[in-house]
Amino acid sequence: MVSSNQDLLISPSIPYGEIAVPPSKSHSLRAILFASLSKGTSIIENCLFSPDSQAMLTACEKMGAHVRRIGDSLHIQGNPDPHHCHPRYFHMGNSGIALRFLTALSTLSPTPTLITGSHTLKRRPIAPLLSSLKQLGAHIRQKTSSSIPFTIHGPLSPGHVTISGQDSQYASALAITAALAPYPLSFSIENLKERPWFDLTLDWLHSLNISFLRDQDSLTFPGGQSLESFSYSVPGDYSSAAFLASFGLLSSSSKPTILRNLSSQDSQGDKLLFSLLKQLGAHILIGKHHIEMHPSSFSGGEIDMDPFIDALPILAVLCCFAKNPSRLYNALGAKDKESNRIEAIAHELQKMGGSVHPTRDGLYIKPSRLHGAVVDSHNDHRIAMALAVAGVHASSGQTLLCNTQCINKSFPYFVIAAQTLHANVRHYQADFPLRSSFCR
């Protein structure tokens, strides 16, 4: 294996310090989309600028929004009636949110839209959403029923449909579309997973004065509603915070790691991870706008992953350092993310000496001493950052983490952030084979 400047060289170190958490990817993408569909000009402060954000911005500009970037803020003049544009082509990059949300919104237009994306986006399931949209009258042409590319257009017909809840983005996409449809639409969610992330979408709609009725997992939208412009400051990303927090929690330092730019009132699903760690015995202080991590030991256990399924890779690393074995379960959806995260994190941690084994719907993990190794990100940002944490807290040896460009998806300045916390993580480039250099 030959290293490139997309690789990271990681050495055991003792992290501590204070840092601002990057803006939330989930909130940034929703803010961009809603601003682009609103009347007037919206201002989004502290927006995350990443490949996913750019994919969403590009698509929204094709729908008629006018976007101006000023520093870390966006001024977006929306187009509340984007559905009578010329035929459109949306390249979603590697963004699952953009794929699902804009696919559903495209059915409000009689104009065909070609939906495509990166090679890795083709592995992200879309069939359950397309099936429900077809039942409402959407016209879809595709070469394969399971992935992009495809052409889609409406109009939809008023009615009721059932949507799979296996991925919360299906239900979120349908809710956003129903909110802006000119006619009544209702739907029921079958076996809703990742509930906090669907609730986050509904919180957004509620804050934008969209009316709907909710009876458990059935929702009814009256039709004929529109969005008004707004000002919004994106809070910190709890999913990204989990990696920074893990640097500090596993450290042998006597000093804490303090994470700022977080809102205790936020509905992000991965916020619940910090409450879980506290319940397991970790020394964590949760403030209104910050979290303070003190190096401490904690127990493993039986952990239902559904509320924070994106945290599976980093929780797998943490459980290697727990006082007793752990079983992470109810995480089938982790198989359909940017990688099969269950298989990917198990495979890579096994290289580092971890006793991490896939199960039908998660992982079984025994406490393990990790060592340096050559590992790979599987082109998945959360796998990459979890392995960086593992490398920093390995008991011996350096870790070469390959193919880390994917980290830009949610945390473009991850390496700088790690270094700010005194973690020995740096870009690495060499012109010779490296594998033998990283053996124990």
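Here, residue 1 is simply the first one shown, and the rest follow in order.
Just so you know, glycine gets a Cβ as well, placed from its N, Cα and C.
Here Swiss-Prot has Lys25, Ser26, Arg30, Ser168, Gln169, Lys337 binding 3-phosphoshikimate, and the candidate from Asp7, Asp310, Asp361 in that same listed site is Asp310. Calculated from their C-alpha atoms, the gap between Lys337 (3-phosphoshikimate binding site) and Arg124 (phosphoenolpyruvate binding site) amounts to 6 Å. For Asp310 (3-phosphoshikimate binding site) paired with Arg382 (phosphoenolpyruvate binding site), the C-alpha to C-alpha distance reads 8 Å.
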